[in-house]
Every structure is written in C-alpha cells, then in structure tokens.
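Colleague: As listed in TrEMBL for this protein:
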- Ser8, His64, Gly140, Phe141, Gly142, Gly143, Asp171, Gly172, Gly173, Gly193, Ser194: substrate binding site (BINDING)
- His31, Asp33, His64, Asp171: divalent metal cation binding site (BINDING)
- Asp33: active site, proton acceptor (ACT_SITE)
- Asp171: active site, proton donor (ACT_SITE)
Amino acid sequence: MEIKITPSLLSADFANLQRDIEAIGSADGLHIDVMDYHFVPNLTLGLPVVQSIRKVTDQFLDIHLMIDDPDRWAPSYAEAGAQSVTFHVEAAKAPIRLARELRRLGARAGLGLNPATDIDSLRDVLDEVDMILIMTVEPGFGGQKFLDLCLSKIERTRTLIGDRDIWVQVDGGVSTETIERCAEAGANVFVAGSAVFGADDPDAMITTLREKASAVCGSRG
Ligand SMILES: O=C(CO)[C@@H](O)[C@H](O)COP(=O)(O)O
C-alpha cells in the first residue's frame, strides 16, 4: 500500500501558514488538526482557516476533527474542499450516517480512535470508511512521546481490514525513531508535526521519513 507523509500544521507557525505550507511541497497532504477545547483540552483553528488554506494550495487536505458533535460540523469541511475528513468514534453520535454523508460530498471518510479505544468492536463499520486514524499519543498537543502500546492496535487494525482498500494513519510522536515500527505494524499514512516542522529542512525530513517507511513496507512485501 502506498506510503504517505502528511505533516501536521499544528507544529507550523500559525502566523505564517502559507509560507510553511509552501516549505513542504513534497508532502502527500496537509494534516489539519481542528480542536474545540471540549473533546480535547486545546483550541486550534476551524472552518474559516481551512477555507483560507484551500484558497492558497492544491495540496490534499486531511482534516482531523478533535471536536464534540462532528455529526454537525464535519460535512462543512468536505464542502470546503477537504479531500479527507476524519472524525472521532468517541464523539460521533451516528458514525455510519456521518461517514456516508462525507463520502456523498466527495471526501474520504476517516474514523479516529484515541489510544484507549478498541478497534475490534468497529469491524462492522470498516466498509463505511476510507481510513482509520490511530492516535499514538493522547490527542490535544504536538510534541508528545509516542505510545508503544498502540503498536498492537495498528497490527489488529491491519488484520481486520484484510484486503479492503483502507488507509491506516498513525498520529502522534511519529519521527525517524518510531516510523519504522509503525510501518512494520501496518500503518501506511504518517502524520508528523514536530519531526517535520522542527527539522532544519522540513522537506528533506519528509523524504527521510518516507524512505524509512518505504524500506519497511518494501521488505514486508
Ligand atoms: O493530533 C495531534 C495531536 O492531538 C497530532 O496531529 C499532533 O500534531 C502530532 O504532533 P507530533 O506528535 O508529530 O509533534
């Protein structure tokens, strides 16, 4: 499965978003963390900023909603031109209906899971989504330490997916130190915030991360 590196703009300079987006031209998408200070203890940005980002880039927009009531808000992000919209299963009232609505609007539907949320009870939802996002830190902040305990969930998720065409995204603490273990476990989409924007050359770091993950996937066959 194709490897994708999607840097998290949470670690970009919010006063210079366009400049930082242009500095990561080799990214496979822009991961945009929407936080509402309810679902997570942090507040970031919302729909108006995503609409403005849409105007200045053709990049694949990968929206990660860490908000209460995604049933109400998620469709607007698809309407704003985001190619992928992920909502959390812990927050959604009707995940299947919401996933179908996102797909109807032309976006890929992603289902997010916090570290303590089990994947096994979600097997019946798999046919409704295009991506499973596995949080590998508690959601809310960049720069946290990768939680190794999430590796077995990545493996179980890949096993449950079987031959369906569903991406497995990992988010939190992904770096040159951890990306290979995530790829070995079965992830193919990698969110990296501080690793990319904290590097001297963010674009070169994307290439390094992609090479490391691809080497593992190549050997996995
Ligand atoms: O969703 C989140 C945090 O809740 C992530 O997208 C972080 O922004 C990743 O940052 P790093 O752990 O890579 O610094």
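Cβ coordinates are placed from backbone N, Cα and C, and glycine is handled just like the others.
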Colleague: Between the binding-site residues Ser8, Ser194, where is the Cβ count within 10 Å the lowest?
Modeller: Ser194
Colleague: For the binding-site residues listed here, Asp33, Asp171, which shows the highest count of neighbouring CB atoms within 10 A?
Modeller: Asp171
Colleague: Cβ atoms within 10 Å, counted per site: which of Gly140, Gly142, Gly173 has the most, among these binding-site residues?
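Modeller: Most Cβ neighbours within 10 Å: Gly173.
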Colleague: If I take the alpha carbons of Gly142 (substrate binding site) and His64 (divalent metal cation binding site), what is the distance between them in whole Å?
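Modeller: Spelling it out, the Cα of Gly142 (substrate binding site) and the Cα of His64 (divalent metal cation binding site) are 13 Å apart.
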Colleague: Just to verify a number: CA distance, Asp171 (substrate binding site) to His31 (divalent metal cation binding site), in angstrom, no decimals.
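Modeller: So the Cα of His31 (divalent metal cation binding site) lies 10 Å away from that of Asp171 (substrate binding site).
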Colleague: Cα-Cα, whole number of Å: Asp33 (divalent metal cation binding site) versus Gly173 (substrate binding site)?
Modeller: 15
Colleague: What residues, ordered by sequence, lie under 8 A Cβ-to-Cβ from His64 (divalent metal cation binding site) and sit at least six positions away in the same chain?
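Modeller: Counting only residues 6 or more apart in sequence, the Cβ neighbours of His64 (divalent metal cation binding site) under 8 Å are His31, Ile32, Asp33, Val34, Thr86, Gly110, Gly112, Leu133, Asp171, Val191.
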Colleague: Inside 8 A of the center formed by the CB atoms of His31, Asp33, His64, Asp171, which other residues of the chain have their CB, for the recorded divalent metal cation site?
Modeller: Thr6, Ser8, Leu10, Ile32, Asp62, Met66, Thr86, Leu133, Val191, Gly193
Colleague: Record lists Ser8, His64, Gly140, Phe141, Gly142, Gly143, Asp171, Gly172, Gly173, Gly193, Ser194 as binding substrate; longest Cα-Cα distance in Å?
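Modeller: Taking every pair among Ser8, His64, Gly140, Phe141, Gly142, Gly143, Asp171, Gly172, Gly173, Gly193, Ser194, the longest Cα gap is 17 Å.
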Colleague: According to DSSP, collapsed to three classes, what secondary structure does Ser194 (substrate binding site) have?
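Modeller: In three-state terms, Ser194 (substrate binding site) counts as helix.
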